[in-house]
Amino acid sequence: MKTLYVELGDRRYPIHIGPGLLDQPELLRPHLPGQQVLVISNTTVAPLYLDRVRAALTGLRHEVLILPDGEQYKTLATLDAVFTALLNHRFARDCTLVALGGGVIGDMVGFAAACYQRGVHFVQIPTTLLAQVDSSVGGKTAVNHPLGKNMIGAFYQPGGVLADTDTLGTLPDRELRAGLAEVIKYGLIRDLPFLEWLEANIGHLLARDAAALTEAIERSCRNKAEIVALDERETGERALLNLGHTFGHAIETGMGYGEWLHGEAVAVGMCLAADLSMRLGWLAADGAERVRALLARAGLPLAPPAQLTADDFLRLMAVDKKVKEGQLRLVLLRSLGRATLVSGVDPHILRSTLEDSFQ
Ligand code: NAD
Ligand code: GLY
């Protein structure tokens with residue numbers, strides 16, 4: 001097992017990464033300060049892993065809430081069901097919520113923990129690659145709104161993250177590939193050696209080689225933990241973690257939540273960001289081609305869905321958390337391994353990048 005820390009002073013917390021963690025109660029117990037625990041999972045993950053989490057809670061008063069599975073349920077209505085369960089069980093302020101699942105469960109449970117009685121403890125047990133490399137770390141919590149992805153939420157850090165790499169064994173291939181998009185993102189924005197390692201090891205990752213997956217998770221979490229420690233509330237560098245996301249969120253919202261996976265939409269977004277960076281004269285043509293080639297080898301889509309138009313993108317992208325003083329801001333690439341946040345991108349170049357991107 002590897003343990004990294006998100007260094008946030010007295011809110012410092014560990015990220016444990018490795019196989020068999022669900023069977024080690026001593027990793028979970030220190031993060032459950034009170035006597036009441038609510039484990040929240042979904043209809044897919046609970047049958048696979050809930051029993052092992054419950055076994056780790058023997059002796060504590062714990063309840064379980066199973067939510068429907070899917071991005072389309074990442075809503076205020078689902079959150080309300082969590083609050084109702086907490087109130088029905090008379091849970092007090094020293095309770096702990098345990099998120100067992102992918103990024104949808106993690107983001108919702110984190111937001112519920114931020115809100116219930118103005119803040120209770122929570123622990124992340126991420127079970128998708130995407131959640132293990134990104135969403136479980138850093139305290140961004142949210143639900144979707146029909147008009148915009150992740151628009152209602154809070155910054156609220158977990159007490160700890162337990163990433164049991166064995167759980168990836170049951171993850172569908174499509175979900176594994178979606179997680180690889182966020183892994184590749186770290187290489188592109190700030191870690192060229194990691195990008196080169198990914199180019200050399202993408203086959204091992206797709207084949208679910210345990211050592212390769214563990215290394216990818218660890219290097220991703222190391223990057224994420226460093227950025228979050230520097231800029232927890234995204235006043236600067238943390239925005240770089242959104243490479244491809246402004247385009248990607250437009251795809252997710254425009255297509256209807258759950259149609260495209262988050263990682264798939266981000267992959268297309270990163271292709272668009274690379275292409276735009278090239279058209280602006282920053283990224284060399286072979287750099288943009290390397291981005292596309294790696295995403296293609298990871299089995300990810302490179303072009304947006306034909307149902308959307310450039311106008312749809314521009315309209316949807318105007319609802320983005322990085323918009324400042326009415327100006328769209330985009331994460332673009334100065335070079336491979338070096339991202340930058342840019343405002344005032346020439347609208348003609350942005351439009352032509354979008355128009356040329358559809359297959
Ligand atoms: P997800 O939570 O929908 O999980 C994907 C699918 O895999 C679901 O059907 C889930 O039930 C299933 N699943 C989960 N673990 C499994 C396992 N071990 N075996 C078999 N099936 C399993 O999607 P995701 O990709 O994990 O997360 C996407 C969400 O994360 C999006 O809502 C996105 O906005 C959010 N996100 C948040 C952050 C953040 O910083 N908070 C970062 C990136 C993404
Ligand atoms: N996934 C973007 C962030 O955590 O900031």
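Placement of Cβ uses the backbone N, Cα and C atoms for every residue, glycine included.
Look at TrEMBL and you will find 65-177 tagged as domain '3-dehydroquinate synthase N-terminal'.
The NAD(+) binding site annotation in TrEMBL covers 69-74, 103-107, 127-128, K140, K149, 167-170. Here the Cβ of G106 (NAD(+) binding site) has 30 other Cβ atoms within 10 Å, regardless of which shown protein chain they belong to.
Each residue of the domain '3-dehydroquinate synthase C-terminal' (179-323) gets a DSSP state, and the totals for helix, strand and coil are 104 helix, 0 strand, 41 coil. Taken from TrEMBL, the feature domain '3-dehydroquinate synthase C-terminal' applies to 179-323.
For E182, H245, H262, the entry in TrEMBL reads Zn(2+) binding site. Same-chain residues at least 6 positions away in sequence with a Cβ under 8 Å from that of E182 (Zn(2+) binding site) are, in sequence order, L130, V133, D134, S220, G263, V266.
Sparsest Cβ environment among the binding-site residues Q72, T128 (other Cβ atoms counted within 10 Å): Q72. On the 0 to 100 pLDDT scale, the domain '3-dehydroquinate synthase C-terminal' (179-323) averages 96 in this prediction. According to DSSP, the secondary structure content of the domain '3-dehydroquinate synthase N-terminal' (65-177) in residues is 50 helix, 34 strand, 29 coil.
Between the CA atoms of H245 (Zn(2+) binding site) and G106 (NAD(+) binding site) there is a gap of 18 Å, rounded to the nearest whole number. Minimal Cβ crowding within 10 Å, among the binding-site residues T167, T170, is found at T170. Screening the binding-site residues G103, T167, T170, H245, H262 for a C-beta under 6 A from any atom of ligand 1 leaves G103, T167, T170, H262.
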